[in-house]
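Sharing a structure with you now.
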Amino acid sequence: MFIIQLPYSLFNGNTEGQCGICDNDKKNDCRGPSQVVESCFDSAHDWHLNKTDCTKPTPPSVKPTTTAKTPSASSSKLPTTTLPTQPPTTACKATICEIIYSNQIISPQPFYEACYYDVCQMPDTSIGCSSLEVYASICETVGFCVDWRKFTNGKCNFSCPPTKEYRACGPDVQPTCNSKHNEKHIDQNPPSSSKFTEGCFCPNGTILFNSFTDVCVSSCGCTGADGMPKQPGETWQSNCQDCVCDKDSMSVQCTPHVCTEESPVTCSMEGQERVTEPAGPCCNKTICKCNVDLCSKAQHSCDTGFKLEISIPENGCCPKYTCVPKDVCVFNNTEYQPGSNVPKGTCEECWCSYQIDSASKLLAIDCKPIPCDTECPIGFRYEAIPGMCCGVCVQKECVVMLPDQTAHVIQPGQVWTSPDNNCTRYKCDKNKDQLGLTEIDIFCPPFNPKDCIPPLWCGACIFILSADPSYQSIHLPNWACKSATNCNIQKHKTHIESNGCKSNSSVELTSCGGSCGTYSMFSPETHHMMHSCTCCRETKTSEKKVTLSCPDSTAVDYSYTYVEECACQKTECVDSNTSTAPPSGQEVMEAAKGLRARRRRK
């Protein structure tokens, strides 16, 4: 079972077959191909095309058995029906379809089969209501009313507008307040007592106002210009006329609408103008209305730290301009956010606070003097700098840090030897305005007896004074031996310090060191001292630079001499009243220090 709904405005007179010609008249429905009106059951099969795949629904496996009562007239003199006493026994419980067997006026079997198929085979069980509705409408054509919807438990309800109520057996033509309509459709063609229809009707005690609205009225009064009902005594306005439904004549009486006289209107505020506008459909009124084009066009700006706010007064028209303070500090026409530093003075530290200055209405600037750190490390002295808030620590002495973490101060130009290490000397050098600490290491070259010149043997040397078996032995120091030439470049790494600044990494320093065969000895043949003096010294140097990091986070460049090549060079042996006596131990040590010293700068 299915339903086709067509718009009456487009298909009136343009259909044929089961729906007739779509003229809302059931008399010409269910016509066969020969244009003869038949029963809807027969005409449906007459329109069947053999070429199409159309099969009848599968009938139920068990035909329901019912006990039907003969329809009797209801209170409205219309026949009614009752439900079957026992439900049909089928695999699918199509309960609403069993209502068809409550009336045997028309053969119910085809309609039951269609309903059963729709309920048991289709996803929406409410489709079965269509078979019941068709069956009831066929019963109506033969004068029997079947009030079947109330037995479907709400599955097949009929919806009506709020002003109407549902009736299963209402009149075929409803009376209205329009006498001409009643005369044409009711008086001239009285409805048959056996003809009725299902639909929505006005409640008892009311009547349909006209045939094209759903308005029900208790009495037929007047009809307004809009076609809607007006009750006796009701007033309304139409086309600038005051109308009333006269209670005596039940006719509409209208008079021209009179507008209320208004008092003069004066617009005194800036930006206002007099404007006439409708005060309803028929009258006008004069009011004062805002027009921003009439407001002042002056430019508005605010000082630094303030922002321009625009507001419209509650009873005004033109905008109001106000400079309001921001949450900032202002110094030298510059804005600063709260908590940020403000460069207000050289010798004080200033910041933008969160407190409001009562005078400026802006955030206040708080300042405090900058504290100067006058404490300086050892070897430095605090010196003020003209034009600056704080001075700086200037190096005045060189500082040697000893292994026991103690410090020793050396004045510029002085040399100091640690009492715990006679082999190292420290010298404080001044290069322009910078002080540099030079470390001088004293070392002894390696001793090899083979390098000694007979008859001297170093270490425990024995001096042969004569050919006589008797002799005098003298222990000579290593410097008295003539060593083979081994003058070489000596390399080592250390940190360079100057004026408290220090290199970030160790720097390679070079020096010349080794033996060059220098000696002094007594010659028995000449009965004099013989001298041979050579010195291991640099023959080629270069200047290098290194960057030193200072405590105040600055960096300076420092220059130092780098030895590229070394060689033995002959030098003059100074004779200062040389004695034939063997040198004392102290003299030997001093000479040794002079001959074997080399410099290494940090």
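Cβ atoms are placed via backbone N, Cα and C, with glycine included.
Pasting the relevant annotations from TrEMBL:
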type     : residues      : note
COMPBIAS : 63-84         : compositional bias 'Low complexity'
DISULFID : Cys501-Cys550 : disulfide bond
DISULFID : Cys512-Cys566 : disulfide bond
DISULFID : Cys516-Cys568 : disulfide bond
DOMAIN   : 1-55          : domain 'VWFD'
DOMAIN   : 222-289       : domain 'VWFC'
DOMAIN   : 327-394       : domain 'VWFC'
DOMAIN   : 481-574       : domain 'CTCK'
REGION   : 55-84         : region 'Disordered'
REGION   : 577-602       : region 'Disordered'
How do the residues of the domain 'CTCK' (481-574) split into helix, strand and coil according to DSSP?
0 helix, 61 strand, 33 coil
Using Cα coordinates, what distance in whole Å links Cys566 (disulfide bond) and Cys516 (disulfide bond)?
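With distance taken Cα to Cα, Cys516 (disulfide bond) is 11 Å from Cys566 (disulfide bond).
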Can you tell me how far the Cα of Cys550 (disulfide bond) sits from the Cα of Cys568 (disulfide bond), in Å?
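Spelling it out, the Cα of Cys550 (disulfide bond) and the Cα of Cys568 (disulfide bond) are 40 Å apart.
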Measure from the CA atom of Cys512 (disulfide bond) to the CA atom of Cys568 (disulfide bond) and give the result in Å, rounded to a whole number.
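Distance (Cα to Cα, whole Å): 10 Å.
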Using C-alpha atoms only, work out the spacing between Cys516 (disulfide bond) and Cys501 (disulfide bond) and round it to an integer in Å.
38
Roughly where does the domain 'VWFD' (1-55) sit in mean pLDDT, to the nearest integer?
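Here the predicted model's pLDDT, averaged over the domain 'VWFD' (1-55), is 70.
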Among the disulfide-bonded residues listed here, Cys512, Cys568, which has the most company in the form of other Cβ atoms within 10 Å of its Cβ?
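Its Cβ has the most other Cβ atoms within 10 Å: Cys512.
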Would you say which of the disulfide-bonded residues Cys501, Cys516, Cys550, Cys566 has the most Cβ atoms within 10 Å of its own Cβ?
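Buried the deepest by this measure is Cys516.
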Hey, how far is Cys501 (disulfide bond) from Cys512 (disulfide bond), Cα to Cα, in Å?
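Cys501 (disulfide bond) to Cys512 (disulfide bond), Cα-Cα distance: 27 Å.
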